[in-house]
Amino acid sequence: MVLIRVLANLLILQLSYAQKSSELVIGGDECNIDEHRFLVALYHSRSKTFLCGGTLLNEEWVLTAAHCNRVFMYIRLGMHNKNVKFDDEQIRYAKEKYFFRCHNNFTRWDKDIMLIRLNKPVSYSEHIAPLSLPFSPPSVGSVCRAMGWGQTTSPQETLPDVPHCANINLLDYEVCRTAHPQFRLPATSRTLCAGVLEGGIDTCNRDSGGPLICNGQFQGIVFWGPDPCAQPDKPGLYTKVFDHLDWIQSIIAGEKTVNCPP
């Protein structure tokens, strides 16, 4: 299952590498209808084009990747098949958007994260429920679950109507530094490295912003990966949710001064 990441013009200007526009899971299977109640879909309001995934944190907040941002966008919650609407599906708009502006000990690779406050609270239902933030850091070697409506083939673009899910492995960050020398990744980072080194399973375009769930905890946000997707020895990068907890929680709490992680 290939998760596809959505390219954002803002990050194209800021970053010297190419991101996937939205990533889809390659080498996976259709997600069980009950396993992604927290998974949301971001759409462009004018073109009605599917952009990215995201994760519902509570009745009012969604966490996704910053490069998924568009001026005009809406969020579908409780969706499985894009073309078949559940009775409890809900649509919301972004009331507020928050971007990570902290500079201390954070590089440009560590900031692809965005909090969206919805225009009105969501009602939990059979197909809509939140995903909790992690309570402990991720461990290298963990088996992680990736999911999204991104491409299922690469480089040919095949977009599914239903979300696909796949298991990938959480790898040592140094594996990604070695795999992608052209990007000169910093020696230390608050991003996660994950994939299947044998190839064939990966996130891909239009899965950006979706969750990476490791040992049952929400540990990563789909961020960047090689193109074509699912190449051997070419794992992808994921924003590390645990290292952004202070920032996330201070914004949701409505604090006037945002807490930057140490």
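Numbers here mean position along the shown chain, with the first residue as 1.
Even glycines carry a Cβ here, placed using N, Cα and C.
The shown structure was predicted, so the numbers you read here are calculated from the model rather than taken from an experiment.
Feature list (source: Swiss-Prot):
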- 25-253: domain 'Peptidase S1' (DOMAIN)
- Cys31-Cys165: disulfide bond (DISULFID)
- Cys52-Cys68: disulfide bond (DISULFID)
- His67: active site, charge relay system (ACT_SITE)
- Asn105: N-linked glycosylation site (CARBOHYD)
- Asp112: active site, charge relay system (ACT_SITE)
- Cys144-Cys214: disulfide bond (DISULFID)
- Cys176-Cys193: disulfide bond (DISULFID)
- Cys204-Cys229: disulfide bond (DISULFID)
- Ser208: active site, charge relay system (ACT_SITE)
Measure from the CA atom of Ser208 (active site, charge relay system) to the CA atom of Cys144 (disulfide bond) and give the result in Å, rounded to a whole number. 16
About how far apart, in whole Å, are the alpha carbons (Cα) of Cys176 (disulfide bond) and Cys229 (disulfide bond)? 14
Per DSSP (helix/strand/coil reduction), Cys193 (disulfide bond) sits in strand
Specify the count of other C-beta atoms within 10 Å of the C-beta of Cys214 (disulfide bond). 26
In this predicted model, what is the average pLDDT of the domain 'Peptidase S1' (25-253)? 95
Disulfide-bonded residues listed as Cys31, Cys52, least Cβ neighbours within 10 Å: Cys31
Between Cys31 (disulfide bond) and His67 (active site, charge relay system), what C-alpha distance do you get in Å? 25
